[in-house]
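Take a look at the structure below.
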Amino acid sequence: MGIVQIIVVILILVLLVKPVGTYLYHVFSNEPNRTDRVFGATEKGIYRLIGLKHRGGMSWKKYVLSFIVTNLVLVVFSYLFLRLQKGLPLNPGGIGNMEETLTFNTVISFITNTNLQHYSGETGVSYFSQMAVMTMLMFTSAASGFSVAVAFVRGITGRRSVGNFFEDFVKAHIRIFIPLALLVTMALVALHVPQTLKPTLEVTTLEGQTQQIAIGPVASLESIKHIGTNGGGFFGANSAHPFENPGPLSNVLEIISMWLLPASLPYMYGKFAGNKRQGWMIFGAMMTLFVVLLGVNYAAESAGNPAINAMGIDASQGSMEGKEVRFGIAQSALFTTVTTAATTGSVNNMHDTLTPLGSITPLTLMMLNNVFGGKGVGLINMLMYAILGVFLCGLMVGRTPEFLGRKIEAREMKLIAIAILIHPLIILVPTAGAFLTELGKGSISNPGFHGMTQVLYEYVSSAANNGSGFEGLADNTSFWNITTGVVMLLGRYVSMIAMLAVAGSLLRKKPVPETIGTFRTDNGLFTGILIGTVLIIGALTFLPVIVLGPVAEYLTLR
Amino acid sequence: MTQSTHETTGEQVSASPAAFVFTTVRLSIVFIILCGMIYPLASTALAQVLMPAQANGSLLKDASGKVVGSALIGQSFTNQAMFQSRVSSIGYKAEASGSNNYGPSNPDMLQRTKDSIAQWKLDNPGVPVSQLPVDLITNSGSGLDPHISPAAALVQVPRISKLTGIPADTLEALVKEHTEGRDLGLFGEKRVNVLKLNLALTEVAK
């Protein structure tokens, strides 16, 4: 039954890819279409409010500048809201202002679409902050990332310009995120997720004890948390909390919500490229890697923790420490794999409690950071590897490599090298650094090799803008707040800027005609080369730390 | 790009840096109001009007109409004559949530599990430990898990039958009645809501 329910969810996703990918193409191709009638008037109103008179295409530099300045302004507002939340409205719990380094970490975490949370939702933020900071940044960071991905696709497929950031940003909200979030919010409420402004409930339990139950406007955050691949929970336990995720059906809805848009982007890219096979080949490479890693986690968690299995109890359910009975292994393994593939970072089971081999799945997906990936970033990264793959093949046959009819030359390869190298750099250097200081080492809560994995996971998750954690780590200290804050910033902006520069550079080149000697990028051979490139680069970079952490722990447990 | 007549440069968008920044500030304010205030408040209003029971925490009442908790949030049961919930490091205190996040090799976790098994043997003499399902002695992720597996409920029947005098058959039927199937017959696992089961148990015991 476990495997059947997993296959059904994957099938639902695959069936939705084409209609949703087509819709995304219509939204961002800027050609007139039927959706203009529904949303056009609202958008015009917003353009008027913000004083955007001309919506012409921008240069890539102008696009980057608009993206960064908008993000910066949102960060300033959010910082002020959190620092002043005590005196702001909608604070029935009387929660105090947030501390400086924690606020620094939190606003970066949400604007970079990471949602690493060093605070706890129940006790650290007011309802106003949950709405005007968390929920708001979940929309705007997702729309920002989406816009950049669309701009990149326009660039490499040779549109006339990368587009207009402000127009993309508004359209992403009005035509995708807000309507979808409203729909999913109502569905979640129907499945019993609370949505109220009432303060914490107090009940007398069956045994006569007093139980305080934290509650709030959960559903409206929960929906965009997944649709925007953000992942920050309303409560500390995130989607393992029964109010955030009451049952298997809400679990499936949340999985599809976070997976749908990233999985549809390759199809949209295929439509932009005028070659849908091209999109499906990218999708195929992603899905292949996904299924293999899902299998690793599912098998390891089903087999259970060898140390507990040896105690003579009925351990046939698998490893249940840190998991919820309503989800069991199948719905937990699927959630873990999707949330780290789509870099959402919400969790419905505690990743710190995963079996050693099971924890390889989330770590690897965040290290690769291109199997579906977060709002737009995954597609950009996968295309980056596609260009690298084409380049490697070009070297082998001694031909100037081409991608989508444009020559790949030194400038593009330098930028791609920067984008590929920054990711391991900002993971491995801080991980090693944390072990050199008492500030870092002192936060480890699990002894032995597992402690190594805890530290590694924190930086991998920050760099990949995922935001899940091995939550035992005592990470609300200035050391962790500041170091992970910087890693999140670099992880988000360096590769995005480099890749937009690649798009700008390709846009300026004259297309070369396709000949019999052109290396085709829309067939199975290319998918194979793409998967190979991803795995070779990933393994060369990260295999040593995987061996030091999870594999070493596995060997001690056996 | 059909609607646009001035392509590629875009430099005409902003006459000056100040005007450009002003645009981003206005853009931010519009979306703070739209996504950070109107959207969550409109969702709250809609949810409260259309589905008030679900939107307010799915509260559960006993036979006399008194609220005894939420159907979604687990409770701690110390009385051995009732069905026990899973391990919770926070003792089912729902003002917070979470667990100790013990890794699989953590000695504290392994010791806790051993202690749970030893305690189980004391409380349930006559039930072989090989029948003790793993969910009952492990900490859930949320620390608030309202469910146990059907096996974990059935394995407690002999103890509860002995302590309450209710026949084992009656208790087994009660567990069966409160076993929730997989959603749509497919998704998730079969489970028993411990609070609902114990509510029914107290009715039977009366």
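One is the number of the first residue shown, and numbering goes on along the chain from there.
Positions of Cβ are set from backbone N, Cα and C atoms, glycine also.
Remember, TrEMBL labels are computer predictions, not curated facts.
Note that the structure is predicted; figures quoted are calculated from it, not measured.
Through the fold, the transmembrane segment (A:6-28) approaches residues 34-35, 150, 154, 163, 168, 171-172, 175-176, 252, 255-256, 259-261, 263-268, 270-272, 279, 283, 291, 294, 298, 330, 333-334 of its own chain, all at least 6 residues removed from its boundaries and within a Cβ separation under 8 Å. The transmembrane segment annotation in TrEMBL covers A:6-28 (among others).
Long-range contacts of the transmembrane segment (A:63-82) within its own chain (CB-CB distance under 8 A, at least 6 residues past either end) are made by residues 88, 97-98, 103-104, 106-108, 110-111, 125, 128-129, 132-133, 136-137, 140-141, 144, 147-148, 151, 162-166, 169, 493, 496-497, 500. Look at TrEMBL and you will find A:63-82 (among others) tagged as transmembrane segment.
Here TrEMBL flags A:131-153 (among others) as transmembrane segment.
For A:174-193 (among others), the entry in TrEMBL reads transmembrane segment.
Positions annotated as transmembrane segment by TrEMBL: A:280-300 (among others).
Long-range contacts of the transmembrane segment (A:376-395) within its own chain (CB-CB distance under 8 A, at least 6 residues past either end) are made by residues 113, 145-150, 152-153, 156, 262, 265-266, 269, 282, 285-286, 341-343, 369-370, 401-403, 408, 412-413, 416, 419-420, 465, 492, 495-496, 499, 502, 519, 521, 526, 529-530, 532-534, 537. The transmembrane segment annotation in TrEMBL covers A:376-395 (among others).
Per TrEMBL, transmembrane segment is recorded for A:415-436 (among others).
The transmembrane segment annotation in TrEMBL covers A:479-503 (among others).
Sequence annotations record features per position, and here TrEMBL assigns transmembrane segment to A:524-548 (among others).
Sequence-remote contacts of a segment are chain residues at least 6 beyond its ends whose Cβ falls under 8 Å from one of its Cβ atoms, and for the transmembrane segment (A:479-503) they are 60, 63-64, 67-68, 101-102, 104-105, 108-109, 112-114, 116, 118, 145, 148, 151-152, 154-156, 162, 377, 380-381, 384, 387, 412, 415-416, 418-419, 422-423, 426-427, 430, 433-434, 437, 439-440, 443, 458-459, 462-465, 473. Looking at which of A:131-153, A:174-193, A:280-300, A:415-436 has the most CB pairs under 8 Å to the transmembrane segment (A:524-548), the answer is the stretch A:280-300. With a threshold of 8 Å between CB atoms, the same-chain residues lying at least 6 positions outside the transmembrane segment (A:415-436) that come near it are 367, 369, 381, 384, 387-388, 452, 455-456, 459-460, 462-464, 479, 483, 487, 490-491, 494-495, 498-499, 501-502, 505, 537, 541-542, 545.
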